[in-house]
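Below: the structure, in C-alpha cells.
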Amino acid sequence: MHAWPDPSVPVVAGTPVPLKLFDTADQRVKEVDTTPDANGEVGMYVCGITPYDSTHLGHAATYLTFDLAQRQLLANGHKVHYAQNITDVDDPLFERAERDGVDWRELGTSQINLFRSDMEILSVIPPRDYIGAMESVDEVIAMVQQLLDAGAAYELDQGDIYASIDATEQFGYESNLDRATMEEYFAERGGDPDREGKRDPLDALIWRGHREGEPAWDSPFGPGRPGWHVECSAIATNRLGSHFAIQGGGSDLAFPHHEFSAAHAEAALKVERMAGHYVHAGMIALDGVKMSKSLGNLVFVHKLSEAGHDPSAIRLAVFAGHYREDRDFSDAILAEAEERLTRWREQLAGEVSEAEATEVVDKLRAILADDLNTPEALSLLDGAAGDCNQIIATALDGLLGVRI
C-alpha cells in the first residue's frame, strides 16, 4: 500500500546531539540505540490507524511525535527505516460499516485516503513501509505457526488460536502494570477475558476462526483472519528485524497492544526484547475534555486546513505541550500558535551573525534531543533576534517541520 508524498526535509546545520527518549519499559529517559540493523538503518515502527472513522487531531499528535523523532535522527545523519501498519481488517471496521450501511472495504479505503491527506497537510515524513493487515496475512500465518510450534499458542473451538502470556518470562516488562490493572485494561481495550476455555484470562487472540459474514483467509490451521496484536508483531519484525530501535504509538497502546505485540514476536523469534525503546504519546483533549465522537468534540486536521489555518501553526499548537503529557487543544491555543508563527517570521527577517544563528541551532538540537522537549524549544525560538542565510529557518523546517 502506498503512503503519501514525502515532504522536502532540509539538511540541518550545527552539531548532532544523540537522541534520548523516555522508554516506557525502563521508565527512564535514555539514549536511542542507533546501532545500524541488518539493513544498516535505525528501525522505527509506529502503530497505524484502524480506518473506521475520520482521524482527528489526537491521532495526528501521535504521528507528529514520531515525525519529530525521525527528524532528529535524520538531522544526526542516520538512515531511518520507518514502518507503519493499517488495521484494515478488524471488528470496529465491520461494526461501523454495518451501522452505516456501507461496504467495509469502501469505508476503510475512504478513511485511509483521508488519513494520507491529513499527514501530507502536516508535512509528516511517510513510512517507507505502509502495510495493511490484508497485505500481511501470510506473514501473520507464519508467525502464528511459529507460536504453535513453540508451544506458545493453543487452539480453542471455532478455530480461534490464543497466545499464552507465560510463553515468555518477561511478559509485563513493557507496560510495567500490575495484574489487576492489566485485567482492567484488557477488558476495556478489545480483550476477551471471559472467553471460555482460555488458559489465562489475559491470553490474547492471534487468529480468529472464520465466522459467517466475515472475511477469511486459508491457513494450515483453518480459515480465519489475524488478531490485532500479532499483526503488528509480524509486520514490524519482517521489515525491521527481530530487534529494532523504537516501537511507538499513543499511551493507550502501551497495554495491551504493545505488551502483546512484543510478547508474540519475542516468543516466536526467541529474542529477549523486540524494541530498544517503547515510546508513547499522551492523549489530546479539547477544552479539557477528551476527544470523542460520542461527545461531538473531535477536531479534524482537514477541517482546520480548509478553514485557512497554516499547517505550521497546527504543528506549533501540538508542540506547545510535551509529547508525553495528556494535553489540551483549543481555539485559543491554535490562535497563540498562529501569533507565535507570525512573530517568528518577523523576528527571523532580521539579521544576526552566522555564529549567533548557529548557536541558536545548536541549542535547539540539544533541547529536542532531550526527549523532544518542544515547549523549551519554542521558548528558545521566541527569543531569536534574527537569522543569517536562513540557518535558523532551515533548522526549524528540518527539526520541527515548521516552515518560516
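Every residue, even glycine, has its Cβ placed from backbone N, Cα and C.
Cβ neighbours of Cys47 (Zn(2+) binding site) (same chain, under 8 Å, six or more residues apart in sequence): Gln84, Asn85, Cys232, Gly248, Gly249, Leu253, His257, His258. What Swiss-Prot records for Cys47, Cys232, His257 is Zn(2+) binding site.
Per Swiss-Prot, the feature L-cysteinyl-5'-AMP binding site maps to Cys47, Gly48, Ile49, Thr50, Thr62, Asn85, Ile86, Thr87, Trp228, Gly250, Ser251, Asp252, Ile284; the stated evidence is sequence analysis. Ile86 (L-cysteinyl-5'-AMP binding site) counts 25 other C-beta atoms within 10 Å of its own C-beta, drawing on all protein chains shown.
Annotation comment: Swiss-Prot describes 49-59 as motif ''HIGH' region'. Under 8 Å from some Cβ of the motif ''HIGH' region' (49-59) lie the Cβ atoms of residues 86-88, 90, 92-93, 95-97, 107-112, 114-115, 118, 250, 283-284, 291, 293, 298-301, 304, 314, 318, 329, all in the same chain and six or more residues away from its ends.
Look at Swiss-Prot and you will find 188-193 tagged as motif ''ERGGDP' region'. Same-chain residues lying 6 or more positions outside the motif ''ERGGDP' region' (188-193) and placing a CB less than 8 Å from one of its CB atoms are 91, 201-202, 204-205, 228, 252, 255-257.
Positions annotated as motif ''KMSKS' region' by Swiss-Prot: 290-294.
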Zn(2+) site, defined by Cys47, Cys232, His257: further same-chain residues with Cβ within 8 Å of the Cβ centre: Asn85, Trp228, His229, Glu231, Gly249, Leu253, His258, Ser261
Three-state composition of the motif ''ERGGDP' region' (188-193), taking helix and strand from DSSP: 1 helix, 0 strand, 5 coil
Binding-site residues compared (Thr62, Ser251) - the one with the fewest other Cβ atoms within 10 Å: Ser251
Taken over the motif ''HIGH' region' (49-59), the model's mean pLDDT: 87
Per-residue Cβ crowding (10 Å cut-off), top of binding-site residues Ile49, Cys232, Ile284: Cys232
